[in-house]
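*Asks:* Checked Swiss-Prot, it gives:
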type	residues	note
MOD_RES	Ser2	N-acetylserine
MOD_RES	Ser2	phosphoserine
DOMAIN	19-99	domain 'GS beta-grasp'
REGION	37-66	region 'Disordered'
MOD_RES	Ser48	phosphoserine
DOMAIN	106-356	domain 'GS catalytic'
Amino acid sequence: MSSLADLINLDLSDSTDQIIAEYIWIGGSGLDMRSKARTLPGPVTDPSQLPKWNYDGSSTGQAPGDDSEVIIYPQAIFKDPFRRGNNILVMCDAYTPAGEPIPTNKRHAAAKIFEDPSVVAEETWYGIEQEYTLLQKDIKWPVGWPVGGFPGPQGPYYCGVGADKAFGRDIVDSHYKACLYAGINVSGTNGEVMPGQWEFQVGPTVGIAAADQVWVARYILERITELAGVVLSLDPKPIPGDWNGAGAHTNYSTKSMREDGGYEVIKKAIEKLGLRHKEHIAAYGEGNERRLTGKHETADINTFLWGVANRGASIRVGRDTEQAGKGYFEDRRPASNMDPYTVTSMIAESTILWKP
């Protein structure tokens with residue numbers, strides 16, 4: 001091998017049947033991602049074929065030093081775009097040795113909601129628009145911004161093209177392709193309103209798989225920014241002032257909404273979401289009050305409002321849905337740092353299971 005790059009890209013399939021499985025879990029902040037790798041004897045196609053594992057929870061803020069073992073359960077498998085071949089990424093959730101979900105394990109409660117027969121019958125679809133900001137490593141300032149200064153006002157950057165408008169496209173496109181390789185249902189990307197901010201969309205994907213895919217897409221993005229020497233930020237308002245924040249708009253539909261007469265089902269679901277507005281806001285991401293101000297294409301955090309084609313609303317219904325009399329709606333309240341397990345399951349619970 002002539003270089004480090006050759007070794008990184010070394011194909012093991014001709015020399016061994018063994019594979020590398022990268023186990024991924026959510027750390028103590030509820031947002032940080034951790035991972036470690038292990039060797040397995042051969043290719044794996046289902047999480048049930050994988051062994052549970054453990055890690056030092058005292059080093060992630062998830063367990064005390066005198067009882068530090070946390071157990072991770074494999075839940076979803078993806079192809080590894082970094083090692084390739086038969087190697088895999090494994091999304092896990094975390095439990096105590098006694099089998100109880102630890103506090104940062106939001107997947108466990110979400111799975112119970114998605115396994116409810118009423119929710120299963122409705123075949124919930126999600127499309128999640130994950131916005132994020134790329135920061136310069138040493139100064140934590142958006143890429144493309146002058147050090148200690150600001151770029152020109154917002155306007156030319158949204159879906160912009162050119163060296164003075166789009167900053168970090170190589171990272172964005174690498175991430176797009178890596179997610180498709182991994183088996184994540186990424187449906188698109190675009191540059192956002194604030195320079196240095198981008199978005200990728202996951203979906204439509206059914207049930208809890210939508211959240212699994214968003215988490216692994218975040219992991220892949222963080223690995224790519226690591227290689228690029230850039231810092232990934234999911235802060236919902238990374239730059240104060242007259243700059244757009246970052247959200248995770250969540251598009252949602254049920255089988256009943258997608259069928260004839262579904263628009264009435266949509267309106268009833270939105271009414272229920274309005275009745276639980278405070279509960280949803282409390283679960284929709286840390287620091288969201290800095291983003292949901294009623295400006296920059298947001299509704300005020302204390303006000304629930306819905307409308308057709310209204311990007312200043314809490315819930316937006318598309319013109320095509322209104323005209324067809326069926327379809328989906330967009331919950332614009334979730335922040336970029338939201339937990340997709342919490343948000344997707346809470347929307348399903350409020351619209352299908354909850355009785356006012």
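Using the three backbone atoms N, Cα and C, a Cβ is placed for every residue, glycine included.
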*Asks:* Run through the Cβ atoms and count how many others sit within 10 Å of the one on Ser48 (phosphoserine).
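*Replies:* 8, counting other Cβ atoms within 10 Å of Ser48 (phosphoserine).
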*Asks:* Kindly state the mean pLDDT of the domain 'GS beta-grasp' (19-99) in the predicted structure.
*Replies:* 96
